[in-house]
Amino acid sequence: MFKEIFTRLIRHLPSRLVHRDPLPGAQQTVNTVVPPSLSAHCLKMAVMPEEELWKTFDTHPEGLNQAEVESAREQHGENKLPAQQPSPWWVHLWVCYRNPFNILLTILGAISYATEDLFAAGVIALMVAISTLLNFIQEARSTKAADALKAMVSNTATVLRVINDKGENGWLEIPIDQLVPGDIIKLAAGDMIPADLRILQARDLFVAQASLTGESLPVEKAATTRQPEHSNPLECDTLCFMGTTVVSGTAQAMVIATGANTWFGQLAGRVSEQESEPNAFQQGISRVSMLLIRFMLVMAPVVLLINGYTKGDWWEAALFALSVAVGLTPEMLPMIVTSTLARGAVKLSKQKVIVKHLDAIQNFGAMDILCTDKTGTLTQDKIVLENHTDISGKTSERVLHSAWLNSHYQTGLKNLLDTAVLEGTDEESARSLASRWQKIDEIPFDFERRRMSVVVAENTEHHQLVCKGALQEILNVCSQVRHNGEIVPLDDIMLRKIKRVTDTLNRQGLRVVAVATKYLPAREGDYQRADESDLILEGYIAFLDPPKETTAPALKALKASGITVKILTGDSELVAAKVCHEVGLDAGEVVIGSDIETLSDDELANLAQRTTLFARLTPMHKERIVTLLKREGHVVGFMGDGINDAPALRAADIGISVDGAVDIAREAADIILLEKSLMVLEEGVIEGRRTFANMLKYIKMTASSNFGNVFSVLVASAFLPFLPMLPLHLLIQNLLYDVSQVAIPFDNVDDEQIQKPQRWNPADLGRFMIFFGPISSIFDILTFCLMWWVFHANTPETQTLFQSGWFVVGLLSQTLIVHMIRTRRVPFIQSCASWPLMIMTVIVMIVGIALPFSPLASYLQLQALPLSYFPWLVAILAGYMTLTQLVKGFYSRRYGWQ
């Protein structure tokens, strides 16, 4: 029965111990039913004629004005999901109370009250109140901090609005929560769909709907109004839904639903109680908590049986066992975890690192492999157009002008290469090209083709398709080349020439993009991917992206911190190897994407662990490498900012992106860097390890202290004719000890504890308990002997003196263990605790010594200790600290120290 109760309780512990932002991406939405009325509404919107759409939403092609926006927002509310709305304070208070430890204490308190032990019930109630209120305060602070941090990296949408009283309109970038039904927005590759939308115009628009349907392949969307073949709105060509992402193409669409009224919003409301799979951090906390609770559930009955059998007073034995159970309950664990993580998140924000999910901090500190892209991480992210040449390597204005037309007229996601082409073309040429050539159509970029095309016209008779992209992908659709002004077949001789020229450019560290063209008769209708065939290779544009000055020292710092850096790039292996060499990273054997496709999972996992540089990768290659590294037991971080990085960001233990990343990358990430730099990342890793170290201190102290206390209680219960300490004493001792732990999140951490990755190790915790728990028992038994034979407190009439003596020793030794276990060094000499922790422990020790002498002593059934007791007290504490230090030295040499 007990096992079933606590199994249910513990199941909800991880989410209660850690404040997690209720992000919609975390919800499990597949196969969840929405109201029939919503399905009918969506199907109606899917086929509604455009003219009727304008009337339905009281909008117009020029966009909404400010008054219309405010009216729509008043009617429909903000574009936020219900889960994102703040809960009332009393809901937060209940959530902070509702953890297994507080529930357990409440049960014990109720038993005490029922047995008329009112003082014990009051002390237990006070402990629950302190734990709940401290946790509530820390949750409120962490929520406030998380909201402030999220506001720094909010996603935006491009919307068409009327911008002045004259009725002039323009495209504005606004936060997505400001969208209202009737807004017209632009979509491009990499965008998160910010609301439910009806497509008005689309060009090769492909959307990933896995968050709603579970289907991994993207689906094509279009502006057709034909009757849908299915009754499922998700299969309608004209509708896009909040929470999905644009994989490729462009579109304009009207917002038809926002917030809770969206398909995703309805699903989110119905799955808010569903349990998501706990991550490594939550599993670690859960295992530790379950271990401590099971330990208490086993030992409390044992104490009851021994005391009841030896003393004959089963009622008193039951009260004592109850107090032991309270003492073994680590009710401050939720508060310690929450406050430590929240403090870590705030400190990380000062290092330009924004934490989206608080429990990601532990994975940050545990990370031992960092996979990252090359561009903007190792390099300056300021790409410069260095060369524009024909296939022989001679400068060619024709190639530059073709590249300019492609970059200028494409409406998709303009990357740094496009910007470099536009900036690398002189203004006069740009004006001339813009006046002579008009855009007809475009075929947007996607990561399957790795190229994009625009169709332009200089006259009414012919169209010209201009295509640029990765060299191999362009060669795959070329049949001819322009060589010395003539069009010749693309044969083996030309291919060898092309390889020779491009390899030379790559070895110089230049990134090569191919440019090809095709002349076509003028025609009506859209151009498709099939038109990218029989192209003429015009030449290449080559870009320079020099390494950052901070990259080399950052890589050295990461290596010194025990983190292996691996480069996963879609770029050429020659360019990537050149950059690696310049920043002091030994690339060694380079693995390219085509090689990966021929390897089994086991072969690739083996290769991934010993390989530093992977080149010419697709998004799926990156995701597979990250997944296999995790399978081999590594804690893997992935840093990326592009659409192609999103799968790997989700697969990694910790996804890291930057503030300027595309929406889908920022949404997939756990950590957002305000500055795209490995040096900033290294500082964040150190702070993550510091945060984890402080959490681990409390867990180790609690586990070892509880383990030792139980041994002491069992020995005393078996051999003493009276209780070694009254239930009341145990409760007060536990309460004072809890107060001393409040400052642990603010403690200092030794340098050696942050020099290597830190991760949960349940085996180490069990070993730690066995080594350090019995130390306190040894000195507890010495105290028993001292009080029995030296002070002759060996009869029921003198038991108050005995209990007072052990009360003081127990409280002081339990408080001092904080300073002994917080460091592997010699405490107070080689390593000092932070001043808040020092102050709290000193106050608790003074209170503990003073209680037997205070007016409360008689009420607490304590008595003043003789002055001759205190030299013995000093000797016992000194011996305790000395032995602990000796055992600590042996333990750290043999097993290491977390």
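Heads up, the Cβ atoms here are built off N, Cα and C, so glycines get one too.
Worth saying up front: this structure is predicted, and the values here are computed from it rather than measured.
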Are V47 and S831 on matching sides of the membrane - judged by whether Swiss-Prot gives them the same topological domain name? yes
Additional site residue, N307, N709, N761 [criterion: listed by Swiss-Prot with E331, D641, D645, N734, D738 for Mg(2+)]: N709
Mind tallying the topological domain 'Cytoplasmic' (745-766) by DSSP state, helix then strand then coil? 11 helix, 0 strand, 11 coil
Stretch-level contact, the transmembrane segment (95-115) and the transmembrane segment (767-790), CB cutoff 8 A, at least 3 pairs: no
Counting Cβ pairs under 8 Å that are 6 or more apart in sequence, does the total for the transmembrane segment (767-790) and the transmembrane segment (725-744) reach three or more? no
Using DSSP and collapsing to three states, where does N709 (Mg(2+) binding site) fall: helix, strand or coil? helix
Expressed in Å to no decimal places, the gap between the Cα atoms of N734 (Mg(2+) binding site) and D373 (active site, 4-aspartylphosphate intermediate) is 51
If you run through the topological domain 'Extracellular' (791-799) with DSSP, how many residues end up as helix, strand and coil? 4 helix, 0 strand, 5 coil
Restricting to the same chain and to sequence separations of six or more, state which residues have a Cβ under 8 Å from that of D645 (Mg(2+) binding site). D373, P619, K622, F638, S657, A665, A668
Three or more CB pairs closer than 8 Å, sequence separation of 6 or more: does that hold for the transmembrane segment (832-851) against the transmembrane segment (725-744)? yes
